[in-house]
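Trainee: Here it is, the structure, as structure tokens.
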Amino acid sequence: MMIKLYQHLLALAFAVSEINTHPWILSNVTLGFHIYDSYFFETMTYRATLDLLFNSYEFVPNYECEQSDTTSFPSFYRMVPNEIHEYSGIVRLLQHLGWIWVGLFIVDDDSGAYFLKAIEPLLSEKGICSACTIRLPRHGRIFTNNKEDIRFVNMFESCMNTTARAFVNYGDTMTIMWLITFKNVLLPDYMESSFVDKVWIMTAQNELIVTGVTRRLNLEMFQGAISFAIHSKQPQGFQKYLHNLRPQWTQADDFLREFWEQAFECSSPNPQELTQDDKTCLGEEKLEKLPRTVFEMSMTGHSYSIYNAVYAIAHALHSMNFKEINHGKKSRKLLKNYSFHGEIVTGFDITSMLLFSNTSFVKVEIGRVDPSAVEGKHFIIHEDLMELRRNFNQVLPVSACSDSCNLGFQKRKQEGKKFCCYGCDPYDHYSNETLVLGIFIKHKDTPIVKANNRDLTYTLLISLLLCFLCSLIFLGPPGRVNCLIRQAAFGTIFCVAVSCVLAKTITVVMAFMDTKPGSNMRKWMGRRLSVLVILSSTFIQAGICALWLGTFPPFPNMNMHSVPGQIIAECNEGSVIMFYCVLAYMGLLSIISFMVAFLVRKLPDSFNEAKFIVFSMLVFCSVWLSFVPTYLSTKGKYMVAVEIFSILASSAGLLGCIFFPKCYVILLKPELNSKQSLIRRKK
């Protein structure tokens, strides 16, 4: 008997006892129950169920564990949460903690194969790879020295020696017990160090149980383990029920007697069964004194599911009894009303395990998976509550195949390995903006760079780099954050770039006016004027964006009306008027820059700065003037594509028209970039 699992039976008995004493449910009806031993075989469970339903002496093995389609099987009712929510929670936990290289330990049966089939696509979708997959045997299989067993030990050793630090364990109670025994008894001593820096993530199907000889084994490998458990509540009176539980040796309750003997390691007070070394059970032992690895006083998630199942049946029977309903379809309807519409609506608690030397432990709740919660609250985790191993010094371990590449290096896929494994190679190229910025910094003391405010040129180049990068915010599935910031970031960054161009244009005008006798323009020349133009222009745009986000912020939306037969995931702009206000202000700045540059295009200028600004603003205005009608005439995902194209095209226009001619002079015509050449041209 698995001592800890005896609580499942007690939860059943407690629920039946409550219902029998309840005046409002099945009054004048006394419920009873039959208990069958499954011997940890699914076959025995289904056989016992069919025996209860049909009372048949002939067993027909016609079942499949994975079937849960309520359309084909209308009498199927799930009294535990859907496992797919647990799998999704495991993946989100790994993603949140940055563990992208994990080992998988699964039970070697149909349920393990189903788990692997379900979770591997979820892992790949989030960029997580499995370092190894080990299939664990069941039912206490004993190892020998044959080739298959030696091969398993080698695979186990290879898996534990990978760079993975996080291991997901899917199985049942017997799987955990087998793993404890395998680690303590069968593994070589030199592999002991392989377990000291690992974090185990256990699914809700696992129960950490020690019984018999395993009570004396080392459980240190599970220190700091993260466990998923079915969310449960504590029914009133259950603790009292356990406190009052006492074995009656004279009554034929073999289950309770066997449980008591194994839990307290004693023998029943029967002189014929006692030996000289046996400790006699007094019947006054306290269940609360047992370690939690042996027996838990609080109702576990599995026990709570059994408790709910009993009440669901009782309520359905009560309604049938009241309404005298015997028809199968109506009884299913009543049962569905009291079994949470066929699937229990609850979630999973995420706990961290703290073990003590006496094999007892404490589970600290660190998070929860709740599929019924509001958006953004489906998954909650508190890293500060995690109980980590002493080896980690309370710092989250890194579980990755390769270290992150340093700045200036890029990832290189390694042949024959999974996508999480990569090498790091130096970048063999630079972005256009970075290249131009590097050229200007290297030649910062030459006339072409110093002309027309060098700092303003650097600011413009950096803002253009950000303009190109802001197009990336528009890629990918719409989320709350990227929908909120993408238009505001686009409008503000482009405003900085256009303001820099406007400041350069005004600088050209001021430089010419300063040559006139009696002019006071010199005090406005230089950094002060440029900073004033950029800050004032950007401040107005930032104010418009702040007003937009504060009143009608953009949000992710499922558009079912734009394209018939399609649901489009998009960012709803919240207020179209505010969006066009952002574009209008940016257009106003660009038109002013174009007009001023056009008026001064024939002023004497050593490097034709005003002419280049005219061409750049002409390209910029053309792109965004064509953007408006194109944007209004497109629907769905093509609207985003149009905006991304406009961002890239206008940024490229500014970069090419203003800076490429200067780079041409710096790199290919260096003789023109000198003081002597400048003096000759002035003469």
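The first residue you see is number 1, and the count goes up from there.
Just so it is clear, glycine is given a Cβ too, placed from its N, Cα and C backbone atoms.
TrEMBL lists these features:
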- 1-21: signal peptide (SIGNAL)
- 304-322: transmembrane segment (TRANSMEM)
- 435-682: domain 'G-protein coupled receptors family 3 profile' (DOMAIN)
- 456-476: transmembrane segment (TRANSMEM)
- 488-509: transmembrane segment (TRANSMEM)
- 529-550: transmembrane segment (TRANSMEM)
- 577-600: transmembrane segment (TRANSMEM)
- 612-632: transmembrane segment (TRANSMEM)
- 638-660: transmembrane segment (TRANSMEM)
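Thinking about packing and proximity, how do these listed features fit into the structure?
Mentor: Beyond its flanks by at least six residues, the transmembrane segment (529-550) meets 453, 455-456, 459, 484, 487-488, 491-492, 495-496, 498-500, 502-503, 506-507, 510, 574-575, 578-579, 581-582, 585-586, 589 of its own chain at Cβ-Cβ distances under 8 Å.
A Cβ distance under 8 Å defines the sequence-distant neighbours of the transmembrane segment (577-600), meaning residues of its chain 6+ beyond its ends; these are 487, 491, 494-495, 498-499, 501-502, 505-506, 508-509, 512, 537, 540-541, 544-545, 547-548, 551-552, 610-611, 613-614, 617-618, 620-621, 624-625, 628.
Residues 498, 501, 504-505, 508, 583, 586-587, 590-591, 593-594, 597-598, 601, 639, 642-643, 646, 649-650, 653-654, 656-658, 661 of the same chain lie 6 or more positions beyond the ends of the transmembrane segment (612-632) yet place their CB under 8 Å from a CB of it.
Among residues of the same chain six or more beyond the transmembrane segment (638-660), those with a C-beta under 8 A of the stretch's C-beta atoms are 432-433, 436, 460-461, 464, 467-468, 470-471, 474-475, 490, 494, 497, 501, 570, 612-613, 615-616, 619-620, 623-624, 627, 630-631.
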